[in-house]
Amino acid sequence: MRKKLLILFLASLLISCAGNKNKVNVYIWSDYLSPDVIEKFERETGISVNLDTYDSNEALLEKLQTGVSKYDVVVPSDYMVQILTKQNLLQKIDKQKIPNLRYINKKFLNQEFDPENNFSVPFFWGTTGFAYRKDKLGEVPNSWQTLFDEKYAGKILMLDDMRECFAVALKLLGHSINETDTTVLLKAKDLLMKQKKLVKQYNSSGFDQAILSGDVWIAHGWSGQLVKISETDTNIVYVLPKEGGTLWIDNLAIPKSAENVENAHKFINFLLKPEISARVSEFSGYATVNDSAKKFINPQYLTPQRYPDDETLKNFELMKDLGKVTRLLDRFWTEIKSQ
Ligand code: N2P
């Protein structure tokens, strides 16, 4: 009996070891990957994908800091790549193992947040703007001011995202989204405090559904999801405000604590295949950084809404790590949310 038990125990140990080798744990923005792409990777490589999702960079930071879950691939935005690298939470990517890096448009490489792309590989890019319902607004808005207009009280949604909300207030005040001056930040906080009574929800996961259902009339949000619904419902319009806002690049990266590093490289390289990049871009609504993918994308998805030109983006900026000032913003944000 004892012997049998021991054999059983050893067998299960073997199976779990083999199982470990054959998986990749991915922590990524919700709505980024389509199920068919995951299945294709699993079929081609025999590696199974465990997927967890998040809707803010800060949620990702917290997960990696506490170390409770072990992820092999994560997708931080620009400023978060900087923060994670400074905190030694990412590992160097072995570029030899990512030959498909060659497909990435050079303009997305060697950015200030990772000058040699040692820790991150660009994946999607996009903007932060807002969408409105044509049937409810008697105007054609082009300014962040609309999100602060009393007549839309109770019909406004803001992203549940500290940096994104401050970016809106700062742009409205005529400043950079990376402003660090305390007096200016205080003014931005006051603006957001006043706005709070007009805001129905702070929501980063269902902002598209909230405006689609008519629950709100104006929704602050990210390009992909908002552009996607505006393509199927002509009553919804996505706006890039004249004051400018956030331009962002989301990147594939491997945490220091990853246990399946080999598989992480395989997964990243797979996502950079032109056909695969094309598919996930069509699915998510977000713009690909992969030039060779464009020929696989249905031209109906290569619109100025999804790919705004430089002129439209002239007042849009990438977020930067604000260093110590982040703590001040954290405090302001808690005050706003708890008032
Ligand atoms: C939301 C994806 C947008 C990410 N699902 C912005 N960095």
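Heads up, residue numbers simply count up from 1 along the chain you see.
Even glycines carry a Cβ here, placed using N, Cα and C.
According to TrEMBL, the feature signal peptide maps to 1-20.
Under the three-state DSSP scheme, E164 (spermidine binding site) falls in the helix class. Its own atom aside, the Cβ of E164 (spermidine binding site) has 22 Cβ atoms within 10 angstroms in the protein chains shown. Taken from TrEMBL, the feature spermidine binding site covers Y79, D161, M162, R163, E164.
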Which binding-site residues of Y79, D161, M162, R163, E164 contact ligand 1 in the sense of C-beta under 6 Å?
none
Non-local Cβ contacts of R163 (spermidine binding site) (under 8 Å, 6 or more apart, same chain)?
N57, Y79, I177, T246, M319, L329
Roughly how wide, in whole Å, is the group Y79, D161, M162, R163, E164 that binds spermidine, by largest Cα to Cα distance?
14
Would you list the other residues of this chain near spermidine - those whose C-beta lies within 8 angstroms of the C-beta centroid of Y79, D161, M162, R163, E164 - in sequence order?
S56, N57, E58, L159, C165, F166, A167, T246, M319
